[in-house]
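**Student:** These came from Swiss-Prot, pasted as-is:
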type	residues	note
TRANSMEM	12-32	transmembrane segment
TRANSMEM	52-72	transmembrane segment
TRANSMEM	109-129	transmembrane segment
TRANSMEM	168-188	transmembrane segment
TRANSMEM	207-227	transmembrane segment
TRANSMEM	247-267	transmembrane segment
TRANSMEM	277-297	transmembrane segment
REGION	917-952	region 'Disordered'
COMPBIAS	931-940	compositional bias 'Polar residues'
Amino acid sequence: MSILRSSRLLQILLGIIGVVFTVLLVTPGLVVEYFWLSELDYSSVFWTIRGAQVLLFVLVFLVAGLYFGGNFRVLIGNIPPLWASRWAQEGEAPEVGGEPLTRDRLQRLGYVVAGVLSLLFAAGFSGRWNDLLRFWYAGSYGQADPVYGVDLAFYMLELPFLQSLQSAVVGLAFLGLLALVTGYVIAGQIGIQDGGFEADSGALRHLGANLIFLLLGWAWGFYLDLYELLQEGGGAVYGAGYTDVNVVIPALYVMVAATLVLAGLVGLNLYRRRLRLLGIGGAGYLVLLVGGLVLAPSLVTQLTVLPSELQVERPYLENNIDMTREAYALGDFKERSYPAQPDLPADAVEQNEETIDNVRLWDPRLLIDTYRQLQEIRLYYEFYSVDVDRYMLDGDYRQVMVSPRELTQQLPEDTWDNRHVRFTHGYGSVSNLVAREGSEGSPEFLTQDIPPQSKYESLDVDNPALYYGERTPTYRIVPAGVPGDSLELDYPRSGENKYTRYGGEGGVSVGSFWKQLLFSYYMGDFNILLTDYIQDDSQIQFWNQVEERVRHVAPFLKLDKDPYLVHGDDRHYYIADAYTTSNSFPYSEPIRGQQGYQGTRYIRNSVKVVVDAYNGDVSLYVSNPEDPIIQTYQRIFPDLFQPLDAMPELLQNHIRYPQDFFEIQMERYRRYHQTQPQVFYNNEDLWTRPQEQYANQQRKMEPYYILTDLPGKDDAGLEFMLMLPMTPDGRDNMIGWVAARSDPPNYGEVVVYELPKDRLIRGPNQIESRIDQDTEISQQLSLWDQRGSSVIRGNLIVVPIEESFLYVEPIYLIADEIQIPEMQRVIAATDQDVAMKRTLRQSLNSVLGEQVVETRDQALAQMQQAAQTAQAASPEQVEGLERAKELIQEARDALQGGDFATFGDRFDELQQVLNDVPLPDTTGTVPPPTSSDTTGTMTAPTGDVSEVTGGS
């Protein structure tokens, strides 16, 4: 008895230790999370999410506990006394711990096992809190699937939870059945005896009841498979095709009924032995399963579908096209034609000054190295990324590149107080115009140095301290030290560094002993408890990276990989794009190969997140209120979201179309722009992203932000957009280009410009080839490469301009000794010409000048012919020739001065003069005038060639 009592005490002690361990493991994290969310005024998020988890945990634990506990109780009850069972050895019951294994002890053991299994089930299923909330608060999409007529919101918001619940039911039943079979076999109630199968009737009834439970779960699974079938890939159609709709769907309905019938037969055998009937039912069930879901679909596919696949699959291809376009918002794209003239007009530069001034020459992949070398200033600062944005600079709309100066991940002197008390924040940012360079090929900085010096008032920030950022390291304690102490390094300066004391509201109060103890345990750093730096007003700042903050505030959103810094009036802000997604959407082709979005079938950029870089405040603004998923989350978290109009206007001016979302859309659009089933089936017009050459390697061109005047719109003026040229799959010529608009009121509009298909329009890779084939350019690049420097060709930018294209590629040199990229040349190209000069303007003048010379030569040949006929001219024709000579002289002066706009104007006027006074040819007939083409390339008959060329 003393041994038994000691065993019970040990069990109680182990139970207490387990509870304490669980509390210590789980509770600190929950308390810390609650404090953190409360500091941001989002405590309701904590209670909603954790409440849903607790509810799921408790419900699943109770259901699983009742199921396992009840089954184990029946199992033990069906086992005869152990000393009389087949376990007994020489009439003695087995012992455990020196005590007989009685029925009561076995019952308690069964309850322990049931409790452990229930805990595992409950812990796993509680992670489905998001599915539960979406299911509970689901609304309507307003559009039905094309097969069952069920609202699409069912697939996106309800089906995932139902599938999880069905899987849990089947898993519970299967595990319970497996445990019962094992228990009965060990107890000798089921087994092979004397060459035959023997089973206790009570054991069979118990197992039969659990088998019914399993079959009911299977029947439910077959029913849910009806909806899952609309999302499965295979064959020509992604989703349910001809075979699925006409064979598999009826077979699934049959399997639902057959499974229920089989469950009924098992139930009948609980009370009346009808093993023969049960055997026939089981065999028939297998025949239906294999025949209906394997053999019949295969035969129909081989005999009916494959011989005329396009014909029979046409309506389902249409479903696939329509639903995928809906899932990725491709149906909202506006499609227009773009003439893509082969030549730029002579006055292209003068007519598009603002666009030319905003062509991005600085490649972010190289500019980051320049920033690091020239502007990190101290070893404890680092630049991690460069973002492209736009600002109004003294009334001019300019494209700007910006990078925050953040704390490095590894301090030079990595002591505890340096890491957590003294080096607490980054400082300011660096920015430059995208198309300007300063001395020696470096950027022309708009904001630079420490403290930041800005050339424009719109870039000035009163408080440039960055306590929160993209890569902000570890936690820190602010303010530290006694009131009045300034322990934090604000920024370095000559002589003596500038120190400061944090005066913001970011962070969780850590002044009390209990909170210091809590955070010491949670952070695994007991210096928090021991340090003298912490005072009553001290706060601990943690989860300081933008991605971390958004993930803890809204873990149900996917975050874009590129948050970007914005200059505010008083401080810096980060803007991040967040997405609502679903892995369930009928007939939608899922995302493959894009990290973080694998398996996604529906996506919307529904949220813009703003993070205060000084206080750490997180604000979420709904940018797509029509999205049914964000509508659901607004019902779940009524205090979390704000309308986009509530965002400060200064920040609204900096929202942009996100690159991740655009790339996902373009990966789908490259195929799903083919809306005709036959074209889609044959991939007759498949597009792809073009290749470009970067750092001597071929790679896929990335979308890029550009500031230009979008063709075909009603109002003229620059606007900020994300652009990507497209080429036919397997070819390098350009077939179209896509622009995603970012400026209000047109934010979110995507325009696709399709190019003529009856002639060649050079794509980026073909322009790269033309550059390689240019002897002068190739020789110069090779020469630089041989002089101890590396030549890197930056990203090629395609600029739509004057119904044509301008191609621009910067050339950088990187010395082997000092890794500072310097922009040495800029290549400009059109469809016809290419030039490399020191600046973009010089390259443009060279390219356009070659076109003008060609135009001039054509015109001068006709001028020479006209001069030869002057003797036979009438007085009116003589007067016209005199005026023509004056215009020729003015055109020559303009050409020599590089004034192509005036040159074009004079040729236009010359054309008009010659049209009004036609000149006789040498045979006495009047030749028809030659008109200017739509590119602005002028040809007209004129006088003496030397009048224009100056005799050269």
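Cβ atoms here come from the backbone N, Cα and C positions, even for glycine.
Could you place the listed features in the three-dimensional structure?
**Tutor:** Outside the transmembrane segment (168-188) by six or more residues, the chain places 60, 63-64, 67-68, 71-72, 75, 78-79, 85-87, 113, 117, 121, 125, 199-200, 203, 206-207, 210-211, 213-214, 216-218, 220-221 with a CB less than 8 A from a CB of the stretch.
Note on the transmembrane segment (207-227): residues 71, 148, 150, 154-155, 159, 162-163, 166-167, 169-170, 173-174, 176-177, 180-181, 184, 249, 252-253, 255-256, 259-260, 262-263, 266-267, 269-270, 586 of its chain, located 6 or more positions outside it, place their CB under 8 angstroms from a CB of the stretch.
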**Student:** Grab the same-chain neighbours of the transmembrane segment (52-72) for me: Cβ-Cβ under 8 Å, and only residues 6 or more beyond its ends, written as numbers and ranges.
**Tutor:** 107, 110-111, 113-115, 117-119, 121-123, 125-129, 132-133, 168, 172, 176, 179-180, 183, 206, 210
**Student:** If we skip the immediate neighbours and take only residues 6+ beyond the ends of the transmembrane segment (277-297), which ones have a Cβ under 8 Å from one of its Cβ atoms?
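**Tutor:** That would be 243-244, 247-248, 250-252, 254-255, 258-259, 261-262, 265-266, 268-269.
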